[in-house]
C-alpha cells in the first residue's frame, strides 16, 4: 500500500471507518472524495450518487473540478442506451472507458448548465429510457465500469460503483476531478482540507479493496 494512504496522519481512522463514513454520506444524498495512489493518477475525485444528484452539487463539481463531469455506468445501462466507446481503440494511459458523450433530448437548453447536466443524467439512469432519449454528442461523459470491478481495475470509475453498491444505491455515480484554484490538480493534504471545509468524507481506493468491496 502506498505510504500516503497507510499513514494515519494522512487519512484519519481505519479503512473500515473511512468506508463507513463515505457510505453514510452517499446514503444521505451527500458526496465523497475518492483518492487513488501517487503511482497512478494521484488525484481526488468528487463523487455523488446519480440518483440523488442535485443541480447545486453539479455546480460544485463544475466550479471546483475539472468541468469534465462523468457519469459512471455498468454494462446493463450502457447496453440499454446503446452507448458505444468514444474510440474504437483505447490508448489512454489507464484505459478509462469513455463512451460517446450524451445530452438529454428533452428538457434542456444548451446542455451546459448544471441543471441541464442533471437532467441528462436523470434521463440516462431512468430504467425506461432508451437510446432515443439521448442526443450525442453532449456535455455529460459516460464511463463504463469494468464488469469485474476493483478486482480487475482499481480506478475511480470502479470505486464509484463499489461505493454505490455498498450504500444500497443503484450502480450509477457522477464524478469530477478536484482542482486547485490555479488550475493544477488537487493532492493530499489539500484534498483533506477541502473535504473538511465542505463536509465531504475522504476514502481511498485501497480502503475499498481492504474491506472487500468490488
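Placement of Cβ uses the backbone N, Cα and C atoms for every residue, glycine included.
As annotated by Swiss-Prot, D-ribulose 5-phosphate binding site applies to 40, 41, 45, 153, 154, 155, 156, 157, 177, with the evidence given as sequence analysis. Per Swiss-Prot, the feature Mg(2+) 1 binding site maps to 41; the stated evidence is sequence analysis. For 41, 156, the entry in Swiss-Prot reads Mg(2+) 2 binding site. Annotated site 'Essential for catalytic activity' per Swiss-Prot: 139, 177, in sequence order.
By the criterion of other Cβ atoms within 10 Å of the residue's own Cβ, the least surrounded of the binding-site residues 45, 177 is 177. Taking every protein chain shown into account, 139, 154, 156 are the recorded positions, and of these the Cβ with the most other Cβ atoms within 10 Å belongs to 156. Under the DSSP three-state reduction, residue 156 (D-ribulose 5-phosphate binding site) is assigned to helix. In this structure the C-alpha atoms belonging to residue 45 (D-ribulose 5-phosphate binding site) and residue 139 (site 'Essential for catalytic activity') are separated by 18 Å. Separation of the C-alpha atoms of residue 139 (site 'Essential for catalytic activity') and residue 177 (D-ribulose 5-phosphate binding site): 16 Å, rounded to the nearest whole number.
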